[in-house]
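K.L.:
The following feature annotations were taken from TrEMBL:
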DISULFID  18-82  disulfide bond
DISULFID  31-92  disulfide bond
DISULFID  62-72  disulfide bond
DOMAIN    1-93  domain 'SRCR'
DOMAIN    123-167  domain 'SRCR'
């Protein structure tokens with residue numbers, strides 16, 4: 001499934017996240033951490049039902065670029081002022097994504113034929129031998145452009161892979 005109440009595992013137990021400060025940037029990180037693409041949407045007020053057990057996180061404030069919730073600004077583990085009616089949820093609906101691409105296979109690799117409704121900062125792979133490899137391109141100001149490799153690291157590659165829905 002691609003939607004539900006968010007629960008985290010810490011110190012040997014599962015618990016929920018309070019929805020204070022919870023927004024779509026936090027949902028984006030959760031979806032990325034789960035390897036899900038689509039349009040991330042944060043849901044509040046126990047939209048997917050109230051959890052039980054501890055509420056482990058509160059005041060989560062991600063920028064949206066992190067690989068996991070661990071990297072986001074947040075309260076200390078277990079420090080919260082919430083009830084389960086405030087359990088946070090996310091939808092990582094793959095059917096509401098902003099990318100639509102059709103590819104034509106040729107000798108060189110997969111060449112994009114058409115891309116519609118792409119959002120600023122959307123990434124894609126082009127020129128690879130399969131959909132999971134290729135040159136990184138970013139959509140900006142109505143055009144696709146390449147990314148310079150100065151300072152390019154494995155961590156940057158991981159971010160792109162997660163953004164594309166790969167683990």
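Backbone N, Cα and C define each Cβ position, glycine as well.
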K.L.:
Mean pLDDT across the domain 'SRCR' (123-167), rounded to an integer, is what?
P.N.:
80
K.L.:
With every protein chain in view, what's the tally of Cβ atoms within 10 Å of the Cβ of residue 31 (disulfide bond), excluding that atom itself?
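P.N.:
Neighbour count, Cβ to Cβ under the 10 Å cut-off: 26.
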K.L.:
Can you tell me how far the Cα of residue 92 (disulfide bond) sits from the Cα of residue 72 (disulfide bond), in Å?
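P.N.:
Roughly 19 Å, rounded to the nearest whole number.
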K.L.:
If one measures from the C-alpha of residue 72 (disulfide bond) to the C-alpha of residue 31 (disulfide bond), what distance in angstrom results, rounded to a whole number?
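P.N.:
Cα to Cα, residue 72 (disulfide bond) and residue 31 (disulfide bond) are separated by 14 Å.
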K.L.:
Please list, for the domain 'SRCR' (1-93), how many residues fall into helix, strand and coil according to DSSP.
P.N.:
16 helix, 29 strand, 48 coil
K.L.:
Which residues, sitting 6 or more apart from residue 82 (disulfide bond) on the same chain, put a CB under 8 Å from its CB?
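P.N.:
The list for residue 82 (disulfide bond) reads 18, 19, 20, 55, 58, given in order along the sequence.
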K.L.:
CB neighbours of residue 92 (disulfide bond) within 10 A?
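P.N.:
The Cβ of residue 92 (disulfide bond) has 24 Cβ neighbours within 10 Å.
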K.L.:
C-alpha of residue 62 (disulfide bond) to C-alpha of residue 31 (disulfide bond): distance in Å?
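P.N.:
About 12 Å separate the Cα atoms of these two residues.
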K.L.:
Output the one of 18, 72 that, of all these disulfide-bonded residues, has the highest number of other Cβ atoms within 10 Å of its Cβ.
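P.N.:
Selected residue: 18.
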K.L.:
DSSP helix, strand and coil counts for the domain 'SRCR' (123-167)?
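P.N.:
Summed by class, the stretch gives 10 helix, 14 strand, 21 coil.
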